[in-house]
Amino acid sequence: MRIHHHIGRRTRSGLLAGLLAATSALAMGIAVAQPGTAEAAASLRSLADAKGRDIGFALDPNRLSESPYKQIADAEFNLVVAENAMKWEVTEPNRNQFSFGQGDAVVNYAVGSNKKVYGHTLVWHNQMPGWTSNLSGSDLLAAMKNHIAGVAGHYKGKVFAWDVVNEAFADGGSGGRRDSILQQRIGNSWIEEAFRAARAADPDAKLCINDYSTDGINAKSTAIYNLVKDFKSRGVPIDCVGFQAHLIIGQVPGDMQANLQRFTDLGVDVRVTELDIRMSTPANSSKLATQAADYKKVMNICLAVARCQGVTVWGITDKYSWIPGTFPGEGAALIWDENYAPKPAYQAVAEALGSGTTPTTPAPTTPVPTTPVPTTPAPTTPAPTTPAPNGSCTVTYVPNSWGNGFTAEIRIRNDGPDPVNAWSFGFYFTAGQQVTNAWNATVSQSGTQVLARNASYNGAVAVGGTVSFGFQGTHTGSNPSPTSFTFNGKVCANG
Ligand code: G3I
């Protein structure tokens, strides 16, 4: 993210969603249709809270020093999971020497930002510390139990649920166990041993089994289904099943809802634990629209299943996703792009959480030129000059230029259909102009992109009402007026 040059009053965090929606439209050079300003202004967290569901994200605590990362994390989620910080190699790098610095950073962040902590993960064949590799079966079992006691014990009362066992089943259609060292050396019992140890370490934590490619009904998900059924019948503790949902655009399984439902019918909770929806890169508007529809489908599937606790996305920004490193040529899988601008998927998730309808066939973005999501400074081409079909704002931009300076007065009319309580307003300069100070708004500029947010006293604009603000700037000899403006993410008509 480039450093923004802030002018005027400080931002109000409550404006984040609306601000970022405008950023998105600007950064992509497209119009993002946003049906309701209420939804555009609400955070995913507030929408999920109202539904009694979790909306989570995978946190890398080292990224919290990056201001937009932290702002989004703070505002948009009510649940945190450690992307790596609680894994075996991190928490017990040497045998019986526990190291909780990174995991504690996740918990401390969650406490400070009022979020639940979901634990990931006590036992996984991947990211095991090197010292486990040469242990005999009985020693490995003892080490596994000691690890679970140490980690789940340390986080007792702080982590409300654990992925006790992660990715224990084989890929392909065999429906068998993964051929890991745990499976090879301990044998079939290692999974239930892990669950019993976790229950002993923290009797109040929900204990989950988690896996990927199990989102639809298939041999792998049926193997887990059978394990849950078996555990339930024998009194082995298990409370929940996680579906990672590392998906590809256009490929949300058609039977995902039925799959989640069949698990809850066994008496366990379910959740989507690691959602991301990747595409071949570069992204374009059509792929992003498909992705948005897919995110909405997954949200709606969870909302339609009574015991689906919520959805966690596997990261915040495409800048840091694991995908390109593992699947070269693929990426753009999250709901904020590399510049922290919300993608169409953000609005789709908000719409699903706002409405909670059963799956439909959403088409959230119009119009959609084929420009890719930029990874470099914002495009110099301004957004379309015609209003979006549902454009609901009208703008007048009146510059007054001299030498190499100018002022501009901007008046925005809210044409409805809803009143707004907070606003963000964006446009591009096309001739190197630079804002130097502003009044009646907080204005920031990044490259050619200008964003204004309401002052504390002029956020509310009734339908038919107007709001105005102004700024002073410099130019290098010509000062063409911007011709395309967005107001809370909607493209405005020019008045
Ligand atoms: O911390 C080291 C750093 O010191 C070193 O310089 C760097 C060099 O490669 O590696 C860093 O460690 C990386 C670690 O992430 C932290 O960034 C590892 O190489 C890298 O392999 C590791 O990847 C993680 C991956 O699990 C491990 O398999 C991803 O971040 C994480 O997103 C991913 O998450 C998994 C879930 O836990 C389980 N489900 C699948 C999901 C995606 O693979």
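Heads up, the Cβ atoms here are built off N, Cα and C, so glycines get one too.
Quick caveat, the model's predicted, so the values are computed rather than measured.
Here TrEMBL flags 1-33 as signal peptide.
Per-residue pLDDT, averaged over the domain 'GH10' (41-352), rounds to 97. Per TrEMBL, domain 'GH10' is recorded for 41-352.
For Glu274 (active site, nucleophile), the number of other Cβ atoms no farther than 10 Å from its own Cβ, over all displayed protein chains, is 26. In the three-state DSSP assignment, the secondary structure recorded for Glu274 (active site, nucleophile) is strand. According to TrEMBL, the feature active site, nucleophile maps to Glu274.
Sequence annotations record features per position, and here TrEMBL assigns region 'Disordered' to 354-391.
Sequence annotations record features per position, and here TrEMBL assigns compositional bias 'Pro residues' to 361-387.
Per DSSP, the domain 'CBM2' (386-495) is made up of 0 helix, 60 strand, 50 coil. TrEMBL lists 386-495 with the feature domain 'CBM2'.
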